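As recorded in TrEMBL:
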type   : residues : note
REPEAT : 35-69    : repeat 'PPR'
REPEAT : 138-172  : repeat 'PPR'
REPEAT : 302-336  : repeat 'PPR'
REPEAT : 403-437  : repeat 'PPR'
């Protein structure tokens with residue numbers, strides 16, 4: 001009996017180490033008799049594989065069966081609490097340790113300190129440390145306490161602990177360097193590396209250099225990154241996989257793809273991280289073709305690979321490809337995560353495809369991500385931009401712990417749909433909940449006031465932004481104010497505001513405010529000011545932009561000055577400036593068709609063939625959000641649309 005129990009326990013451990021954890025659990029469940037060693041074998045298997053939720057669940061089952069835990073049980077269970085960052089479960093296990101009298105065991109004490117450190121409670125970690133007594137502490141004890149302070153950002157106390165250590169081992173140096181790296185302190189990381197080398201007590205390893213390269217990557221510090229890379233080559237760590245991947249990620253993120261390719265090709269055995277770094281590098285450069293080529297070549301693709309490509313397509317205006325790739329991902333049995341859903345919802349927002357957006361929402365519920373704030377924010381934004389403000393509001397109310405992005409998304413949603421009362425109410429609720437509005441919040445507020453004609457409110461918000469919240473004005477804030485004042489007929493005030501901020505702003509800022517002012521002149525038929533603004537616009541910004549020409553031409557036409565309008569159009573042709581054609585799109589039975597506006601009457605007859613079952617409700621919101629969506633619609637080449645009747649693409653079939 002005893003021999004058979006030992007054999008089965010050994011088999012459980014063997015299966016777990018081979019990756020067959022489900023089979024191991026099945027064998028465990030089928031065992032008629034289990035001792036504490038068997039329970040510990042299964043617990044440690046879960047814990048070592050990072051299946052911390054399963055480990056805690058098994059521990060609760062063990063307690064239910066009245067099997068007495070020992071110090072091995074508590075070590076594995078505390079490791080699971082640390083992995084989940086579960087302070088509540090960790091403190092309960094700590095209480096059981098005291099109740100069963102295992103607080104005198106060194107590995108258990110070290111696990112307690114480590115658990116509190118990973119749960120961001122350095123005070124409790126210090127208390128457990130001091131209760132141990134000096135005689136039984138070892139290097140792991142000191143390093144666990146050091147990590148508790150570094151992980152919570154208390155670097156002053158971390159330094160004190162570091163210099164109090166009887167022996168500063170390599171792990172301690174790496175904890176300090178990694179801690180500063182996570183906070184973006186490049187110079188402190190370099191300084192610690194120098195101190196380590198001068199101390200002669202230990203030498204940096206692959207984890208040291210990996211942390212150093214990662215902090216250079218996150219801070220985009222090219223000079224320090226090259227310096228660290230040179231040092232890595234000098235002391236012979238450049239071939240280590242972890243170091244190689246961090247070097248590759250550094251050059252890829254900084255868009256130095258020539259160097260990244262050389263590093264990539266020099267790696268003997270490419271890991272998943274290597275392939276993902278290359279995909280990410282090309283995506284950041286906007287090169288989705290080469291990114292997809294690398295994606296296809298990768299022998300294995302994980303959720304990060306798929307998400308990088310989907311997010312890359314969405315960010316670069318290739319929403320159709322993003323939708324298709326998401327469907328392929330789900331059909332390949334790759335489970336999406338919250339970042340995948342955030343990326344695909346962004347693609348749905350850009351394309352304003354409500355049907356596919358609803359399908360993605362169904363996937364969110366199916367995979368259990370509806371409670372994630374990041375995903376909830378994506379749903380609010382998607383429904384708002386697809387014209388379904390009711391579902392957007394419902395998605396907003398479903399978010400339990402709203403962050404600033406949640407409030408801003410709903411504020412923009414109501415503003416885009418012309419619901420100024422609801423938008424201002426959202427602002428009041430946001431402030432009442434203790435949220436401090438940021439620059440994005442004020443863009444939403446000013447846009448709302450502009451569309452609703454709330455001039456005094458808009459002026460108040462514009463002043464509050466600087467006086468009450470200490471925020472600086474940016475391109476969009478000035479453009480919104482100019483647009484608001486111009487729409488209301490306050491052209492002189494709008495021009496003064498535009499001139500005031502255009503002196504110190506960039507070309508892009510000048511263009512935005514001047515174009516808004518020129519549009520206002522066109523609305524109110526003020527030709528004299530319109531010509532003056534057009535001259536300022538032409539001298540200040542790129543003369544190849546079509547907007548200034550079009551607005552001035554429209555202004556002349558509206559005032560009956562046809563000859564002047566013709567002169568402007570001729571100047572536009574002479575300069576080689578082409579007007580971007582207007583377009584709209586509609587979703588019919590899983591198919592999105594894009595219609596291009598043109599002068600030929602037959603090109604708009606297409607709409608007569610539309611059947612009564614067309615679901616075009618989402619177009620109400622899409623029209624209002626056109627400035628955002630115009631930047632990236634379905635990946636088509638807009639320059640080739642001048643004589644086209646329509647273009648269309650199929651929405652991928654549902655994957656539910």
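Heads up, residue numbers simply count up from 1 along the chain you see.
From the backbone N, Cα and C atoms, a Cβ is placed for every residue, glycine too.
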*Averaged over the whole of the repeat 'PPR' (35-69), what is the pLDDT?*
91
*asked:* With Cβ-Cβ distances below 8 Å as the criterion, list the same-chain residues six or more beyond the ends of the repeat 'PPR' (35-69) that contact it, or say none.
replied: 5, 8-9, 12-13, 16-17, 21, 24-25, 28, 76-77, 79-81, 83-84, 86, 89, 93, 96, 100
_Secondary structure composition of the repeat 'PPR' (138-172) [DSSP: H/G/I, E/B, coil]_ = 26 helix, 0 strand, 9 coil
*For the repeat 'PPR' (403-437), the number of residues DSSP places in helix, strand and coil*: 26 helix, 0 strand, 9 coil
*asked:* DSSP on the repeat 'PPR' (302-336): how many residues come out helix, how many strand, how many coil?
replied: 26 helix, 0 strand, 9 coil
*Please work out the helix, strand and coil residue numbers for the repeat 'PPR' (35-69) from the DSSP assignment.*
26 helix, 0 strand, 9 coil
